[in-house]
Amino acid sequence: MDMIFNPLVGGLLIGITTVIYLLSLGKVIGISGILSQLLFSKERFLPFLFIAGLIIGGSAYGVFTEQTVAFPETRSPLILIISGLLVGYGTRLGSGCTSGHGVCGISRLSPRSVVATLVFMTTAIITVSILN
Amino acid sequence: MYAIITFICGLLFGLGLAFSEMTNPAVVLGFLDVFGNWNPSLIIVMASAIAVGMIGYLIKGKRLAPFVASKWQVPTLRQIDSKLIIGSALFGIGWGISGYCPGPGLTALVNNPSEGIYFVIALIVGSAAHHFQTRAVKM
């Protein structure tokens, strides 16, 4: 039940959010882009509000929702730092991440986003299969 | 108005990540472990989010401007270049190492701070490296 219900509700919420954002503000939701605006643009207020909301909402994990899978054992700082550097640099060079390319980009059938999503899914799957 | 909408969208997006358990790297790594102990639940997340998102773009197609802002600011670039491919490839490797993409990584600051702090600092440093690199090239 939870294996279908929770992801379905989560996915619908994510989809509805991208639609509200698009139709009201005219923009695409891309977390890596919004983070980079918060860090480097002159207009930081709106990106700050979005990221603050994201962290508050995302921390509701286990509060409103039932946790079906345990968190992994804490990984070493070195692993997390290598991962963070690659994600930070890669998403900026590639102009997007799971949200901007994977959800919003595929929704609007952007050829760039379809290619980007295929590429990052492939390298992520290869990385996991090598590390396991 | 912009502020309220932006904050609520951040909140709803975060709740969506939490409900779908994308905030848990174990779930994400299980999804990426296609050749091992595969957990396909994130396919449902992606498919339902994209299906709803498509409705948004159908409505957008019938409107000259958004409901609140004065103009559309959707990316228009269509060219597939080496930056897109290399950047996405690097991102996928980073994602596969930890199970964190940017959104869930940021929520880990609260959900799992002993991991989140290292990931987010590196995420910022990585973004900054690209930012200052491109700025240096422009100058």
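Each residue's number is its place along the chain shown, starting with 1.
Note: Cβ is positioned from N, Cα and C throughout, glycine not excepted.
TrEMBL annotations: computationally assigned, not manually curated.
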For the feature transmembrane segment as recorded in TrEMBL, pick the matching range from B:8-25, B:80-97. B:80-97
Short question: which residues 6 or more past the ends of the transmembrane segment (B:80-97) have a Cβ under 8 Å from it? 28-29, 32
Outside the transmembrane segment (B:117-133), at least 6 residues beyond either end, the same-chain residues with a Cβ under 8 Å of its Cβ set are 98, 100, 102, 105-106, 108-109
